[in-house]
Every structure is written in C-alpha cells, then in structure tokens.
C-alpha cells in the first residue's frame, strides 16, 4: 500500500492526460492498421477470385473454340448432306421423267402397232379391190391419215370459226378505198359545226386516227383473249364476241346519218376489239380441233379468210359499187354480215375437245365432240394423246401471263412467238394494205388504175394462200416462212428502186410508165411472198409452240404484240413516207433481213408434231437445230412422231469414235427407211433411238456379237407356224441392228443418263 501510494503521488494529472492521449493515438493507429489489414485481405480475396475467373474464362474460351470447330464441321456435313439430297431429288425427278417417257413410249408403240396392222389390212383390201398400178397412178398412199381426214362437221366448224378472221380482213382493208370520201365527210362535218375549213394536215391526222384506232381496239381484244378463252371456252368466246361485231358495224354504218365522225371512230374501235378477240380465239380453236396430219393446212384457212375479207372490201370499195360519198357508210356497215352469220352457224359447232377435257375435265363431253368432228366413234387415240399432254402439263394447268413470262421453259417459245408476230406486222405488209391506193398513185398510176391494182393485191393474196395450204404440211412451217421473208426482202428492194428511178428519170414519160409497172409488179410480188409464209404461219406456229395450259396466255401476249405493231405501222408510215420519200420501204427491208436470220437460227419446225412433243423440245432443253430438218422427227409425210426423250438428244460423232462408243452403248438401233415406210411415218422411232423394224432379216441370236457389222444379214427365217409374234416384232420378218452403227463417216450413240 505504501509503494502504490507513492507511485500515485509521483504521477500528476498532466501525465495521466498525456498517457491517455498516447493510448488514444495508439488505438487510432491500431484501428488504422486493422482497417488496412482488412482492406488488404479483401484485395487479396478479390485478386484470388479474379484469378479464378480468368482461369475459368480461359477454359470457356477453349471450349467455345472447340464448339466453333465442331459447328464448322457440322455445317460442312450439312452442306454435303444438302448436296446429296439435291442430287437424290434430281435423280428422282429424272427417274419420274423417264417413267413418264416410258409410259408415253408404250402408248405410242401400242398405237403404232395397231395403226400398222390397220394399214396392212387397208393395203390388203385395196390390193383385192383395185390394182396397184391404179393406186400408184393416182398418187394414193393408204396411211393413217385416211382415218383422220376431213369430215362434214370438221369443215362446218372451221368454216364457221374462220368467219371471225374474214371479219378481221374485211375491216383491215375496208378503210383503204374510200379514203377520199371519208376525208370529205370529215371536212363537211367540221364545216357544218364550226363554220370553218379543216386544214389538209388536220384531215390527214383525223384519217390516221380512224385507221389506227382499229388497232388500239385490237390490242385490247387480243390481250383479253386468253381470259375469255379460259372463262367461256373457245366457241363461247367467239359467240359473245359477235355482239361487239354487230355493235361496231352499226355505229360505222350510221356515222354519216348522225353527222358525226366521232361515231365512226367509236365504231372502228369496237370492231377492232372484236377483231382482236377473233385473232386470238379463232387460231386457238382451229388448232385444237384439227387432226395432227391436217393441222398445217387447216391453220392456213385463217389467212385464207383474211384474204377473202380483204378482197371483198377492195372489190366493194371501187367507185362503181360502194366507193362513193353515199355508199361508203354501207361499205363499212357490211361488217355486220360476218358477225350475224357466225352467230347463226356457230351454236351447232362442238366446243374444242381439248378445252373440255384438259381445262374443264369433262371427258364424256370431249369424247362426244371428237366423235362429231371425226365422224367416228374410234377416238381413243386422240383422247389418249390429250391425256398424255395433260399429264405432262399438269403443273401448268392454269398459267397467268406473269407466270408465263417468268417461266424459264416457256420464256423461249414465248419470245419466238412474239418475234414471229413482229415478222408479220413489221414486214411492211400493213403499209401496203392501208395505203396501197396512195402508193400506186404516187408511183405514177391514175386513181382508177390504182384502185384496180389494189384489188389485184387481194386477188393475188387469195390465190397464193390457196396454193400454200397443201404446202404447209408438206414443206413445213419454218421453210415456208424463210421463203416468204426472203422474197419480201428482195421485192421491198425493188419497190425502193422503182421509186428512185421514177424520181431521177421523171422527165421521160416512157420511163414513168415503165416504172409504174415495175412498182405494181414489185408490190404484187411482195404480197405473193407474204401470202406464202408470214401471212398465216405466225398465227399457226404461236399456237403450236405451247401446250394446253399456257396456250391462252401465250396467244394473248402474242396477239397484243401483233396489234401493237399494227398500230405502230398505221401511225408511223405516213410520217415515214413524208420524211423518207423514196426510201420508205428501206426500214422494212432491214427488219425483214433480221427476221429471216432469227427464223433460220431459232425457230423449230413443228410439222407433224404433237403439242407435247413440241413443248418437250423447250422443256428438256432439246437441240432445236435437229428440228430444222423435219426428217429427223417423223419423216416427210409422216402422220405422227415419237415423244421427245427427256434425257436429251443423242450425240453424233465421227466414225473414228465408233470403236470407243460401241462397247459402252446399249439399246440403241438405227433403221433403214424404205419409201413405203417414209409414207406412213415408220422411221420416227429409229430417229429417236428406239428399235425399229424393217423387212428382210431376222433378229440375231444371243451369241451374236453386238459389234457385228450392221450391213451383215442372215438368211430370212420366218416365224414358226401357229406361234404368235411376241412384241415388239410385227407380222413379217425383221431386221435387227447392233447398239451402235456407222454410215460413212458418222455414227450415232444413245443418250447418256448421268447425274
């Protein structure tokens, strides 16, 4: 107790306070140190955590990179799988095409066998009833075409239908002869209304409007032809169309009584719509009801009716008949006659069997229509042909114009059809039709002589169209079109030369007279070659290039282009004549040369082809150059040819390649076509790479080498008596050819199927 007291006595209050401060400072320092240690500990924990996170991120990055490589591999695998699937799909499609082709081939072979048997029976009957010398002297050949010849109802239906084209021809030429009378009528109407005289330029402009508004109506009618054909049918559309024909003709006929040239323009527009529909519906109807072996000749009747209409309008338009100030309204109003006559005749005609079966799917009605048209109950062959076409075109049951233009397989035939229509209208023929009287007067003829020369154009057109009817199925559409374009090109040059000589030697009266005759002869020659080819072939071949589905839309587009070109020529030609003067026909000469080159290089021959065969050329990318020679696809005079193979055309090589080709080829044969075979169409199958049979030698034994010479033949070996012939051999001995054969320096190998 004593020492504690002493210690206490030795410490002052200041010391205690100082110690307390020191303790406080030390506590603060200690707290700061503790805080610092705590922060360091937290920082250390954060660093450790970040390190762990970094490690995990690195592992995750490696995993992602691994996944990316796996994804790339999966993508490559998917691309490979997709390619394999596309290949499989392509193989399936080609197998399906081959299956369809084999079906069509079987049907075709069966029909050909029946037909040949019938022909043998016909030949046997003819040999018993008539000497062969009489048959050969008369030039008769008993082919399958005898069974599908002209019948009363077929002639009646076509005659009633082509009245629409007669309407078109009549209204095309009727405005030509009374040109001066119509211009005087316009002057009188204007003077009575406004008490002023029309200038010559205005009168010419109004007359050009009257001429060209007909083409504007034709554009509208032609463009709506496909819709009308699908909605009301070919026959129904023609019947409805005649209502506009009657209305337009009445308006033109009463224009003078009403003292209104506007009424004349309106009537020309309405009759133009009527003619536009006719140019779309009539070729379609005739093409669909005509037998295959008569389709070309009957299709030419379209142009024949047009020429008859032109000739009627020109004959009735002379001053001695109706080409007067009082008679021209009746001349224009007579357009009511074809419309009324068609309204009376057409109801008794059958509807197009193709429309009934393939558009409406009314098989029984189609069968009845065919039986009336063919005058026979045996129409199964035609029905089967339409069924085959329907199966091949099932995906194109209803094709609009937009789909037609966008379709890769249909775009090319559409382009050909359009160019064929342009080759008709831009050839310069409408300049002759519309302004022939004025052209002849400007070349030196008197007004009376010019009108008779215009009538001569119609007469020449009529007779040359008659001449071209039998040539259409014998020579072929493409060949006649080339001849026509070439002849028109030459005579268009002669027309220009006659104008130039008349100008340079105008002071010599004898030269003027001579040049007038040269101008008339050149113009008539121009018309002759137009009638041979471009007059009728564009309408026919446009309908033939398409199957049942796209045909209405294609005809609408082609007819629209035709009428647009018609309108263009009607409007532009007077201006061309004013500015180019003697060189007016030179632009047409250039266009004719272009159209000739296009036809030679691009247009296929459609003679003796079914619609399915023609469509297959473009659908399967066939070589159209082989179509230029009709003997490759159904020889001259053939009534029918084999369906196009979907695997493409055969490859032709030189004889030096034959040794390499023979071991690798199977199932291809060639045939020796005799004169009788050529007459009835035998040989088409050989041209397609299908075994063909000809008399003289039997088939080889199985041990015979396939590389044996095709010229080597064994002695005849007839079939054992009483044993039926097994297909494909027909009655009589047969010649077999090895899989590949050579003739001269060329050999033929079969199509290759490759994916």
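Backbone N, Cα and C atoms are what each Cβ position is placed from, and that goes for glycine too.
Fair warning: this is a prediction, and the values are worked out from it, not measured in the lab.
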Of the ranges 385-408, 553-576, 601-624, which one does TrEMBL list as transmembrane segment?
553-576
Out of 354-372, 582-600, 639-657, which range is noted as transmembrane segment by TrEMBL?
582-600
For the transmembrane segment entry in TrEMBL, name the matching range from 113-133, 176-196, 449-469, 659-679.
449-469
With a cut-off of 8 Å between Cβ atoms, can you find at least three pairs linking the transmembrane segment (264-286) to the transmembrane segment (150-170)? Only pairs 6 or more residues apart in sequence count.
yes
Are there residues at least 6 beyond the ends of the transmembrane segment (239-258) whose Cβ is under 8 Å from a Cβ of it, and what are they?
164, 167, 185, 221, 228, 232, 264, 266-274, 277-278, 281, 328-330, 332-336, 338-340, 342-343, 346-347
Is the number of Cβ-Cβ pairs under 8 Å between the transmembrane segment (582-600) and the transmembrane segment (298-316) three or more, considering only pairs separated by 6 or more positions?
no
Per the 3+ Cβ pairs under 8 Å rule, pairs at least 6 apart in sequence, do the transmembrane segment (298-316) and the transmembrane segment (521-541) touch?
yes
Between the stretches 205-227, 414-437, 449-469, 481-501, which wins on the count of C-beta pairs under 8 angstroms to the transmembrane segment (553-576)?
205-227
Among the recorded stretches 205-227, 328-348, 449-469, 481-501, 521-541, which has the greatest number of Cβ pairs closer than 8 Å to the transmembrane segment (414-437)?
521-541
Below 8 Å between Cβ atoms, which of the listed ranges 205-227, 328-348, 449-469, 521-541 makes the most pairs with the transmembrane segment (481-501)?
521-541
Give, as a single whole number between 0 and 100, the mean pLDDT over the coiled coil (50-111).
86
Using a Cβ-Cβ cut-off of under 8 Å, list the residues of the same chain that are 6+ residues beyond the ends of the transmembrane segment (521-541) and lie near it.
279, 283, 287, 295-296, 299-300, 302-304, 306-307, 416-417, 420-421, 423-424, 427-429, 432, 436, 439-440, 453, 456-457, 460-461, 464-465, 467-468, 471-472, 477, 480-488, 490-492, 494-495, 498, 558, 562, 603, 606
